């Protein structure tokens, strides 16, 4: 009797070894479906239903209703009468993202920053370089940073004033109006969205 | 303001960790409680569908076999899906199939919860791959790690004979933790401007009238589980530095707490299992003490900036802004960096390659220690392994047989622990040396000088710690890097998991030794100090020479 019971136990052990694999396979397939298909599709449905503007990239429109980009994605402003954003090694091409990944000890970093400073001096002869904020001559992590620091906007006012004819006071109040506070008053840093600021500048000039 | 916002985030974590730890305990204690009624109706059909009738407890071998079988099945399906992605649905941007060594690297990377990425999401993956492979593995690898950690804790604390049922743990980790949290975090992130759409890349005309293509997709749902599961692989190449993945400081805080809360809650879950809350506090305090030291170094180094740029005469008072985003500034960047490598998530909101040498040392050192909170489950398990080592060393000093939680630690356990502890430096330092000996390895270094050493060291450390962040200048999408880091990730995950499950399996069968006055206590401040000391001692002995050659040497160079 004892041996019979043992045999049966052994047999069960073996059978459940096979069934363990079978459970593992069924579990895997089910969770590929749940985590990989159901979850993202339900998320997309709810997001599109509840927050369509945010879910579709927070697109920004001008007064005429034309889309001019996403408020979250930086743009390149070649025209010096606009406020300039941060250095972007990918020229704000948002089909990809990235930066030079220069180490602090890399001589190429030094060369690139020196070139940015030289270009700044050419365009902004009235502003000494000890007022040039580091954020304006360094590459953002994403290469798509939509913001600059308030300081970085204010130092561009002399140049823009000269090119557009707007007074320093007008431009300063424009920058102030577009300076966003820290989130909830504490998190992150104060910042200016370059695209929003330039959109306002453009509309002010009636361009 | 910088210090204040950091303190607030740490404060929020401290408030969440303990209640969350209690909740996780209730999920896995398998005693009936209120959460059963809430989730039972979802789980019953799942158990029925997979044919799990008995939910019997498993021996450690059976537990290990089950999780390996599930991981293997997931890898096999994912391999096929990635190779064939060009022919599958939801590929509006017409992305091609993936090259075999890159697929191999990617599937290992995601199933091991590493999320090292040698591809760039916006150009390398279809939406279907992002969903059915990447998001899917983000859930399943996290649930696997969680289950193994729970099994380990059951083994060292329980009086039963088994470690629990892997399939049941795996299902519950999804239904009671990851699914509900991920859905909530997804919707909050979308409300705060993270996109979630299946539309193809946007084409817009910029303010200046030029054309701009903007990659987009189901970002928020990936973001949520990427952090909750301490995965770290980004939807886009630059990860959470991308304004779509992390549009403002508020989303940054949510992402930090998402990746940090569960690892920080696990010590408290362990305390509940051990029926001694103080045990949990000891582990949590040891982790937090190490964390605060690392955070201070990272913040100070980044705030002081790069002297080479300061020497050019510009206003560098903001700190080192190369590779950082304005909306985060130094405080939110340094905090994110310290948390992502503590919780071994590997998501980045600034480019770690561009960190100042001492700022870059912090993530490197955290991954080398691999116990400062740690990834889904792994950090707790590693810390408990160090706790056993600490008990063992103290036992040797006073000449007593070491005991941990009422069980004797004997040669078999210590041998397994030694394997797990030694495997980690071995799979970091040996491949680093190999990479420097071959042109295949050396040729990928992008930054000259001592920083080049850091780049290679960081890559293998990140792979071994299953972190996944990188010094991304390294040109790592080559067969050499795909295969070597693939192997390192594989061994980094499974060697220690299996060794430690074996430890748990061996302890669970041992006689309970009643506590006496001579028992060495593991639930007081003295032990917390000894624990931190053991971690630092082992870490310094193994890694100090490598760190001196990389970040420390670079630091001295740019100070000249």
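Each residue, glycine too, has its Cβ placed from N, Cα and C.
Among the ranges B:132-156, B:207-231, B:307-331, the stretch that TrEMBL annotates as transmembrane segment is B:132-156.
Contact between the transmembrane segment (B:416-437) and the transmembrane segment (B:525-548) is present: at least three CB pairs lie under 8 Å, with pairs separated by 6 or more positions in sequence. Fewer than three CB pairs closer than 8 A are found between the transmembrane segment (B:6-28) and the transmembrane segment (B:377-396), and contact between the two stretches is not assigned (pairs 6 or more residues apart).
A contact between the transmembrane segment (B:249-269) and the transmembrane segment (B:377-396) is present, since 3 or more of their C-beta pairs, 6 or more residues apart, lie under 8 Å.
Long-range contacts of the transmembrane segment (B:480-504) within the same chain, counting only residues at least 6 positions beyond its ends with a Cβ under 8 Å from a Cβ of the stretch, are 60, 63-64, 67-68, 101-102, 104-105, 108-109, 112-114, 116, 118, 145, 148, 151-156, 163, 378, 381-382, 385, 388, 413, 416-417, 419-420, 423-424, 427-428, 431, 434-435, 438, 440-441, 444, 459-460, 463-466, 474. With a cut-off of 8 Å between Cβ atoms, the residues of this chain six or more beyond the transmembrane segment (B:281-301) that come close are 2, 6, 17, 264, 267-268, 270-271, 320, 330-331, 334-335, 337-338, 342, 355-359, 361-363, 365-366, 369, 371-374, 379-380, 383-384, 387, 522-525, 527-528, 531-532, 535.
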